[in-house]
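The transmembrane segment annotation in TrEMBL covers A:21-45, A:306-331, A:369-396, A:408-432. Among the features that TrEMBL reports, domain 'MacB-like periplasmic core' is placed at A:22-253. The region 'Disordered' annotation in TrEMBL covers A:154-173. Sequence annotations record features per position, and here TrEMBL assigns compositional bias 'Basic and acidic residues' to A:154-168. Summarising the annotation, TrEMBL assigns domain 'ABC3 transporter permease C-terminal' to A:317-444.
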Amino acid sequence: MKFTDQFRFVRQNMKKNKTRLFMTVLATAMGCTFLIVLASVGFGLQKSIVDQMVVDRMVTAIDIYGIESENEVDRVIGAKNIEYLRSVDHVKAVTYRNYVQQPLNPTVDGAAASSNGTVNVDFDAETKAGFGLSSGRLPQKPDEVVIGFNIRETREGASEGEGNKPKADTPPAKEWLGKVMSLQVRQLAEDGTEQTATIPVTIVGISEKPSREWETDTFVYIGNEILTRIESFTQTQWGAMLLPADKDNPDSANGNQPLGLQDPRQYNSVQAIADGANHVKGIAEEIREKGYYSHSIANELKQVNLVFLIMKIGLGFVGTIAVLIASIGIFNTMTMAVTERAQDIGIMKAIGAHPSTIRRIFLLESSMIGLLGAIIGTAVAYVISIAVNIGLPLVIEGFMEERVPEDFIFSLIPPYLAAIAFLISLGVALLSGSRPAKRATRIDVLRALRRDI
Amino acid sequence: MIEMIQVNHQFAIGKKGKERVVPVLHDIDLHVKQGEIVAIVGRSGSGKSTLLNLMSGYIRPTSGTIRVADQEVTSLSEGEWANFRLAHLGFMFQSFQLIPSMTAFENAELPLVLKGIGVTQRKKRVMELLEQVGVAEYAGHYPGELSGGQQQRVSVARSLILNPPIVLADEPTGSLDSDNERQLLSLIQHLNQDRGTTFVLITHDEQVASIAHRTVSLKDGYLLNADKKEGIFAHEIH
């Protein structure tokens, strides 16, 4: 018997008792919806919380805070440590952020930028780590720099004497792409007078917009070549200015003067970037053995994800119980259908219907019920999920006077969750129909023909 | 065409564990040749229907061998019997056994559907046969909307739709008036002559038996001397 004919049979049979069919499909759909919506809460909360954790942080990054040592001076990360970290297996780059220790008052076309600092980075390492740019590119020449996304905010208005303008009116930083920025480096001469040098640099990139609303990036990112030019003028590490000598006690400033170029360097905000999230643990263990203090978001994520995995399994289990309850309805419907059609089945068997054909027809019918229930249930689950994500923050704000973070989602249905729920509903429907289908194949022809079933 | 050798059959009745065995057929030896119309007659309870059910595979003999269309069928599985029925047998029932939720057309085409024949071929074949048995105009009617004679014609169309070499008929005229009975018997004779179809007819009716080439009689599960057509009914009556 062809599949199309089996399908036609099933459709004819299903039309015989539409109310019963409707109720069975409804029960299956409700079970499927319940399963998806429950699990989607686990997925939604996990995503929102993990997103909050990893925003601006790479899961492949390992923060290095220092190195174990009895001597305080030796706890800081120096050039040798950077070299070691670069040599560790599966570390693709080591990045750092070192602040130039004086304001360079950057200007472009005579307009002051609202920069709150200049940061020295290793652009070769940043290229490998994936420095986030909103426009432009990373520097390729010694005099090229990247500027922060918000570098033109606030001070533009202030310079025009209008106070801080709303951010919407601030011209975008990318308008400065390709322009020359002047950096003013100052240093005290031996006679105590302040001397200034201007370093022209070219803006080639704009950093990524900070993901958190309250964050701003107004830094100027410079490479090692520009830092060298600054330091050659100041003759101090990180361009720090010398302290003026106290007239009464000329020796007082000497002990607190900034480090000179010959002194060992200290690197800040050091990160080792792994070439894959699966290598983070191994790298962290290896450098921990060498005495490095480190922390990785991957460690936190692992624990959080484990908690949510358990939560999702629990919610999915509760949801599956709902589908199993719905399966009782399918079993009942199919058993009734077999009983009602016993004579028809007997006649079909009497003229040559194969038992497997009879079984397939009933299995097809129960799977059709499961399929209809799963389709409707999945569609309703998506609608509920959207409604929850829109409605719940409003309810929380309205009744609890708490503000839900922007982009926080309570319910998330990844395609594979819908697919799993779909398969569970279909599988349970098939399982529910299997016993009645088997019963149908065992109907006695003679009893059916005598109509005494 | 059909060969029954030393076939015995008995039913077990009563509750499980306390069954009582009731013998129904004893040492049946029956040979039906190809193209023959054989009538099996006998009183109620003589075992006629059981004999036909054994030939149909609805029940299995307690002992003995049955061969149908040169195939030993005694040991066939249920699935094999299903395929065998579709390939070799047509069935006519006293109470027509049409499926009420299907139209006359759908009932007649059922064996073709089970055999997996395509829609176009099915439609052509069914309409030809319904035309032949005189109910083409009722093709779209449900059994409940047809008279007994019309229903039996649809049932006949269903039994012949796959051109089976053997047709087993259990009281085929039992629910028909004399006019419809006459027409059905004429159709059976026609099919036998034109196509060489073998018919085994179970009947109480002397008129039905009269079209048979050979009549065999059953009494209390025993097959009586069946070679002579004449006198069997007289023997049964007395």
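Each residue, glycine too, has its Cβ placed from N, Cα and C.
Away from its own ends, the transmembrane segment (A:408-432) comes close to residues 28, 31-32, 35-37, 39-41, 43-48, 319-320, 323-324, 326-328, 330-331, 334, 363, 366-367, 369-371, 373-374, 377-378, 381-382, 384-385, 388-389, 392-393 of its chain (Cβ-Cβ under 8 Å, at least six residues beyond either end).
DSSP labels the residues of the domain 'ABC3 transporter permease C-terminal' (A:317-444) in these numbers: 107 helix, 0 strand, 21 coil. Looking just at the domain 'ABC3 transporter permease C-terminal' (A:317-444), the mean pLDDT is 89.
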